[in-house]
Amino acid sequence: MPNTVLVGAQWGDEGKGKITDLIASDYDYVVRFQGGNNAGHTVIHGDKKLALHLMPSGVMYENAVPVIGNGVVVDPGVLIKEMAVLEAEGISCKNLRISCDAHVIMPYHKDLDGADEKRLGEHKIGTTKRGIGPCYQDKAARKGIRIQDLMDEKIFRLKVETALAQKNPILKNIYGLHTYTVEEICEEYLPYANILRPYMAETAQMLNQAIRDGKTVLFEGAQGTLLDIDHGTYPYVTSSSCCAGGACTGTGVGPKKIDRVLGIQKAYVTRVGGGPFPTELTYAEDGGEGQDAVDGETLCQVGHEYGVTTGRKRRCGWFDAVIARYAAEVNGLTDVALTKLDVLSAFDTIKVCVAYECDGQTYDYFPMQQSVLFHAKPVYEELPGWKDVDITGCRTFEELPENARAYVEHLEKLAGVPISIIAVGPDRDQTIFRGWDR
Ligand code: GDP
Ligand code: IMO
Ligand code: MG
C-alpha cells in the first residue's frame, strides 16, 4: 500500500475512525499528526462501539504501530485512561509511540479554553473545552511544554514555574479563576511521565527509517478541512493544520513520501460548534421551519448525529459540492471515501448544493470572504432517492439501487475526485470497495 494521508473533507465527524480502522491493517504504521482529544473517532470492535480521542484508530491491529506525531497536543491523563479502556477490551497498546516533540495539555489550558469561550458569549467558537487552542497558543508563542520536558523532572519543574508566572495572573485577574502551584501540577503530572516514558520516541526518525525500509504509513487526520486553522472557516476552526499538508509538519515526513490522499466525506454534511454552514437544515428548537427542519431532524436521528466527545447534537445539512471541490483542491485529494450513504434511504428526494448565491452573485468556488459564506443561499439540485431500500447489506457498487449509484456518480462528477470507498453502515464489513486496491 502506498503511504496515504486520510483527512476529513468537511467539518469533522465524517467517519474517519471507521475508514482508518478499515484500511489500517494494510499499513505498518498509523500516525495521528494534529489535534488532540478534541477528536472523537468511533470504531466498532466486535459488538462494542469504542470512542478514540488520542489513540490512532489503527491500534485495533497488532501489526500496525500506532504513533502520536509531533503535531498532536497530548493530555497525558486522558491518554492513560484511554489506554486502560483499550487494554480492558483486550486491545494492546504496547506498540504505541509518542513523539518527544508533541506538546502537553496542562490544567490551565483547559481552564483558559472554557473561560475564554464564556468571555466570547454569543460569539463563542463552541470549542470542546479540552484545552486545545490554549496549548497550541503556547506552542506558537514558544512557551509550550513538550513530552520530552515532562520526562525530565528538573526541566518540567522549571517550565511549569515559568508558565505559572504568566498563567496565574491571567487566571486570577482576567477570569477570576483559581491559580496553581508548581507542586500541585508536578504531583499530578510526574506520575504520568513514569507511565508514558516507555512509549516516548523520536518518531520523525522512526517513520523516515521505516519508509526507507519499504514499510508503509497511514496518516490519520482528525477534525476536517473546514476546521483547519488556515483553510477553514476562521475563526470558527480548531487550532491545528487538519488538511493534508499538516501530515508533513505534524510528523516530520516530507511531502514526496506521500502517494495518496484520501478525503472522507459524509453523504450529507454535519458541523458541531459555531460558524457558517450554508446548507444547514436548522432544527425546530433553533427556529427552523417546515420541511427543512423535518429533514434536518431526520438526518440527525437516522444518522445518530451526536458528538462523540461532547455529546452535543450535531448541526445537519445537505451535501455541499462547493465544499467538496474546495477540499479536493486544498488537500490534493486523490480519492474519496463516502460514508453514511445508508442514512439517505430515509428520503424521497435528496438535495445537493452545487453553488451559493449572495447579493446577486453566484459562487461555484469557495468564496474569498467569510461574510459571503454567512449569507450564502445554497443553489440546490434535487435528485431522486431510494426511500426505504435497505442498502446496509450491499457489498458491491452494482448491488446498490440505481438512484444510489446515480447519486454517488453525481457527487464524484461535482468534486472531480473518484469515490473509491463507500460506507453503508458503521461496521467494518458494511463497506463497498470500488477501485481502492487493497
Ligand atoms: P470521525 O470523527 O470522522 O471518526 O467520525 P465520528 O466517529 O465522530 O462520527 C461518525 C459516526 O458515524 C460514528 O458513529 C460511526 O460509527 C458512524 N458511521 C461511520 N460510517 C457510517 C456509515 O456508513 N453509516 C452509518 N449509519 N454510520 C456510520
Ligand atoms: P473529529 O476528529 C467535529 C470543533 C469544535 C469547535 C471547533 C474548535 O472527531 O472529526 P477545539 O476544541 O478544537 O478548539 O474546537 O472545532 N471540533 C470538532 N468538530 N469533529 C471534531 O473532531 C472536532 N474537533 C474540534 O466543535 O467548533
Ligand atoms: Mg468525531
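Any Cβ shown, glycine's included, is placed from N, Cα and C.
These figures come from a predicted structure and were not determined experimentally.
Other Cβ atoms within 10 Å of the Cβ of Asp13 (active site, proton acceptor) number 28 in total over all chains. In the three-state DSSP classification, Asp13 (active site, proton acceptor) falls within coil. Residues or ranges marked as active site, proton acceptor in TrEMBL: Asp13.
Residues annotated as active site, proton donor in TrEMBL: His41. Sequence-distant contacts of His41 (active site, proton donor), defined by Cβ-Cβ distance under 8 angstroms and a gap of at least six in the same chain, are Lys16, Gly17, Thr20, Ala51, Leu52, His53, Ser57, Ala222, Val308.
In sequence order, Val73, His103 make up the list of same-chain residues 6 or more apart from Lys139 (active site) whose Cβ falls under 8 Å from its Cβ. Secondary structure at Lys139 (active site), taken from DSSP and collapsed to helix, strand or coil, is helix. Marked as active site by TrEMBL: Lys139.
Among the features that TrEMBL reports, GTP binding site is placed at 12-18, 40-42, Arg314, 340-342, 423-425. Annotation note: Gly40 (Mg(2+) binding site) sits in a coil segment as assigned by DSSP.
Here TrEMBL flags Asp13, Gly40 as Mg(2+) binding site.
Residues or ranges marked as IMP binding site by TrEMBL: Asp13, Glu14, Gly15, Lys16, Asn38, Ala39, Gly40, His41, Thr128, Arg142, Gln223, Thr238, Arg312.
The substrate binding site annotation in TrEMBL covers Val308, Thr309, Thr310, Gly311, Arg312, Lys313, Arg314. Its Cβ taken as reference, Lys313 (substrate binding site) is surrounded by 16 other Cβ atoms within 10 Å in the chains shown.
Using a 10 Å radius centred on the Cβ of Leu341 (GTP binding site) and all shown protein chains, the other Cβ atoms total 25.
Highlighted here are the recorded positions (Asp13, Gly15, Asn38, His41, Gln223) whose C-beta falls below 6 Å from ligand 1: Asp13, Gly15, His41, in sequence order. Residues from the binding-site residues list (Gly12, Asn38, Thr42, Thr128, Arg314) with a C-beta closer than 6 Å to any atom of ligand 2: Gly12, Asn38, Thr128. Cβ crowding, taken as the number of other Cβ atoms within 10 Å, peaks at Gly12 among the binding-site residues Gly12, Gly15, Gly40, Gly311. Residues from the binding-site residues list (Gly40, Thr310, Lys313, Val424) with a C-beta closer than 6 Å to any atom of ligand 3: Gly40.
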